[in-house]
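**Q** Can you keep this structure in mind? I'll have questions shortly.
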Amino acid sequence: MALLPILSYPDPRLRTIATPVKEVTAEIKTLITDMIETMYDAQGIGLAASQVDHHIQLIVMDLSEDKDSPRVFINPKVTPLVEEKQPYEEGCLSVPDVYDKVERPNKVRIEALDENGNKIDEEVEGLLAVCIQHEMDHLNGVIFVDYLSRLKQTRARDKVRKVLKIREKQGEQVAEKEPQPANS
């Protein structure tokens, strides 16, 4: 098991569209284990593979109080079951210390595979529905701050930079930024 570096906003790799998982291999199962460990270590409730620079359609989450009931969703598809959207305050491991309200459908159908390749087809609501939609956004290159005003996006970017500088000074593992092309 290994802790994986979590990409931070505005890293352009977070905008990469994830590709479907073709088969649940030993490598995928190892990634799932590492993602769950990383999510718990970061005190999160959900993590998409895109956030740890693996651009495949894979989500892990655990909404239990004891953090002992991880769920895995491979190649997830979500269908809203209600038209009305409700605001929920969201945060994100890729946008540390930034929280804001995002409106999403409160009830959805989730179709996916679990870590053993078994089909999942459930109707979910509340926090689980919101969490699944939030993590699915990551698989599509969308970050929750994209739903906010430009001013709030700028503030979020500035806050993340400050948080990362503090974390680096404290010796925490921070994902390296993608190399920038050299100026010619």
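Quick reminder: no glycine exception, Cβ is built from N, Cα and C everywhere.
Below, the features straight out of Swiss-Prot:
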type: ACT_SITE; residues: GLU135; note: active site
type: BINDING; residues: CYS92, HIS134, HIS138; note: Fe cation binding site
**Q** For each of the binding-site residues (HIS134, HIS138), count the other CB atoms lying within 10 A of its CB, then report the residue with the highest count.
**A** HIS138
**Q** Tell me the Cα distance separating the residue listed as 'active site' from CYS92 (Fe cation binding site), rounded to the nearest angstrom.
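**A** Here the two Cα atoms lie 9 Å apart.
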**Q** Using the Cβ center of CYS92, HIS134, HIS138 as the Fe cation site position, which other residues in that chain lie within 8 Å, going by their Cβ?
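**A** The surrounding set, listed in chain order, is GLY46, ALA48, GLN51, GLU90, LEU93, SER94, GLU135, ASP137, ILE143, PHE144.
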